[in-house]
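Listed in TrEMBL for this protein:
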- 1-36: region 'Disordered' (REGION)
- 23-36: compositional bias 'Basic and acidic residues' (COMPBIAS)
- 151-201: domain 'Inner membrane component' (DOMAIN)
- 154-177: transmembrane segment (TRANSMEM)
- 251-281: transmembrane segment (TRANSMEM)
- 336-356: transmembrane segment (TRANSMEM)
- 362-384: transmembrane segment (TRANSMEM)
- 367-486: domain 'Sodium/calcium exchanger membrane region' (DOMAIN)
- 396-417: transmembrane segment (TRANSMEM)
- 437-459: transmembrane segment (TRANSMEM)
- 471-491: transmembrane segment (TRANSMEM)
- 538-558: transmembrane segment (TRANSMEM)
- 590-732: domain 'Sodium/calcium exchanger membrane region' (DOMAIN)
- 662-681: transmembrane segment (TRANSMEM)
- 687-708: transmembrane segment (TRANSMEM)
- 715-735: transmembrane segment (TRANSMEM)
């Protein structure tokens, strides 16, 4: 238990916006821990802060008791080194509830998808003021809003303000012409000045003065739109003594004025929402359409705020200070990041355009292929969110099955549809595209993903540490998987017959040198005896051994040697403020979204393979380059973003594991599944890769293991990985297209 002097400090800590990053506890704060100030203790405390990832940003109330065998004192007694190994691997995670704790724990489990975003609603009091401002309505008066002359406000004036104000002037003129709509004409005139520059101004809902309530006595009960007097304005229905003028004015407004303005505000709302940083403008337009324009004109009061304005007594409807906020990239709708929300309509456009315009009357194949490829990104995000939600709310067995089943569904749908199309057309090029995409994913996840995370994380943190033991397990599996995948290729190089398409005698001498083109190892010599009797059995054997090795790795890391991670879950609850888990997606909702996203992913993959042939045929760029870059890395963009976010929070262990796990799954799950698929549906896919793929993959794995040996890195080592990746891309760019394409 914690001492009595600590709750106050923890409450101050919990008031911050604490990300879901692990925090390691200081052994000196535990009453049961050692009190010596030895050199080893100080090193252990330092490593705890480094390995714990953002030391002071987490908060906890319940500290796990460190077993005597794992305590710092016993560690120092057993080891003479200044730094204790058991201190390095110990990690304590902070979570708001049990569901988030399960998600954080799953992030450190081998074979589980690493997910940064929350799967439950975060407690409002734990969020920072910046995040609270993102979700607040535009009806809060601030004492000092500062200067309203900002770049974002000027951008609003140039994009929306001038023409929106002009439209209000035209609608006001139309309302005055109708005579009966004159009260709304005056309102539109006032709103024209407001929407030209709405910053620092406030729209309030005026109260009905008692002296004017007699005007509504004969009208009866009415709604907020139809009822209410008009102080300081023309009230024709009071003249008539009935509600005729009131209803007539409202009818004219709803028929002539409101639809035009609602359409304009809808356009502004959609445009500003898509720009993300201008989401405050979208909120401004939505609130104006749903509240301001539906109020009676006499109930709308527009005024300018002073710098020292006290809180107003009347109800505030609109009050905006800034048109742009760069922090809106953090904004989420029902747990879904705003970028994924904005890209979802792209999926619908892709599906409609792809299947309705099948003969390319509206757009060409290049546009459809690009749209299909871009649609894979939000679908990958939804699949990842659904997998993380189901795993966090289920037991270990269900989570492992879901991750193993749907973890690679994005890539497999594209590969399988490409192989089916190549088999139907008798085109070997599709099989080569799949092999290149597999190699590109492997090389990219081994070099580019961890390298980029090291560079970006190294800009904020001078040196980053990670769990070298857990990374060593993934590296060992990666060595094994690469050796197994390329074993049939090496076998064919040794025993295959070299066949060349065309040879020329350079020296004009029968015994001189010959220059040959399109040379390859023929495995079908003597009616395919070498392939069917030797290579194919080897392929099947490797395809059985690799998944078995993957299962052994799961058992090793998740069952028998869980102390490699040594993860402790610590609550982030303030005394008397227990937060129950409010999940964004329930298990059934997540399952439905997972199935729908998988179905849409299959459709987009089908469209991508349907329209990739003209691009591969007519492009002057090597097909190797297109496959190892665009086709391989675009589906992995959500994973890359997660890795970058972890690296920025000094949690490089998860950034490295993201790339390693994808690479291991490519070799140990995706390739065996493709081999198994070719048994039931014969295709041109064989597990024999080109020399370029073999050399690039093996060199990448060796370099990665060399970089990860010492358990620490900086931006320079990340730069080395990224530069090597770009060098390999240059090799693929200038390489000739594979034979048969």
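The backbone N, Cα and C atoms fix where each Cβ goes, glycine too.
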Please figure out which one of 336-356, 396-417, 437-459, 471-491 racks up the most CB pairs under 8 Å against the transmembrane segment (662-681).
396-417
Helix, strand and coil residues within the domain 'Inner membrane component' (151-201) as assigned by DSSP:
42 helix, 2 strand, 7 coil
To the transmembrane segment (251-281), which of 154-177, 336-356, 538-558 is linked by the most Cβ pairs under 8 Å?
154-177
Report the DSSP secondary-structure composition of the domain 'Sodium/calcium exchanger membrane region' (590-732) as helix, strand and coil residue counts.
117 helix, 2 strand, 24 coil
Against which stretches of its own chain does the transmembrane segment (336-356) lie, if we need a Cβ under 8 Å and a gap of at least six residues from its ends?
117, 273-274, 276, 279, 328-329, 362-363, 368, 371-372, 374-375, 377-379, 381-382, 385, 584, 600, 603-604, 607, 610-611
